Amino acid sequence: MRTLFIGDLHLSADRLDITQAFTRFLDTELDDADALYILGDLFEVWVGDDIALPFALELAEKLKQVSQKLPVYFIHGNRDFMLGKQFARAAGMQILPEVKCLNLYGIETVILHGDSLCTLDKAYQRFRKLRSLSLARWLYGCLSKKTRQGIADKIRSNSKSSNQQKSYTIMDVEPNAVDALFAKTHTKHMIHGHTHRPAIHQLANGCQRIVVGDWYEQGSVLSVSAEGINLQSLPFEQAT
């Protein structure tokens, strides 16, 4: 048996090929799975459970079917932080806190989306702090659907433009932030996404940091079992 981790699928109505590949992954890759963890940014944008698009509702039905066979866990990302309990119930997903510690086959491991580790990106961290406020989230939820969609589109546009101007270092995790989280959680193994740079990092202090990749051009799946770990890419044609 094994536990699977994915993230950064960025599903949208504009890229139904990704949704199709993910659906086939759910159909073919979970027979021997103990659990599935989705580490954020399942959707490209999420402005509220009351504005779920048809493709998202269909996906919820598929995830619900999966959840009847094995637990499906979800951690919010920077794109879908407004995904709420209503959609999670429809999809059979259990929403986890921003940082979660697990015992994976005897190994204490901390999992998260990963954006909180990119501390050199000061502008984004200010936005992240604001959006985490309950009052800000409540006020946003009170806005009309059209207004929320407009704000989301503006944020996406600004983010894309800003990211093109940021350096590689700023966009990646900050080593001190990584070390601090290891110390805080008393773990030596970490799994996250967000940076879209899949890799297995063996750190000098004996810790291990694994990054799951995005699903823009191919799938990225981390499999963890008692025998070890396997970070693999999943070509879309292989998932069809």
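Glycine residues also receive a Cβ, built from the backbone N, Cα and C atoms like all the rest.
The annotation in Swiss-Prot ties Asp41, Asn78, His113 to Mn(2+) 2, and of the candidates under consideration, His194, His196, His201, the one tied to the same site is His194.
Cβ neighbour count for Asp121 (substrate binding site) (all protein chains, 10 Å cutoff from its Cβ): 20. Here the Cα atom of Asp8 (Mn(2+) 1 binding site) is found 9 Å from that of His113 (Mn(2+) 2 binding site). All protein chains included, His194 (Mn(2+) 2 binding site) registers 26 other Cβ atoms within 10 Å of its own Cβ.
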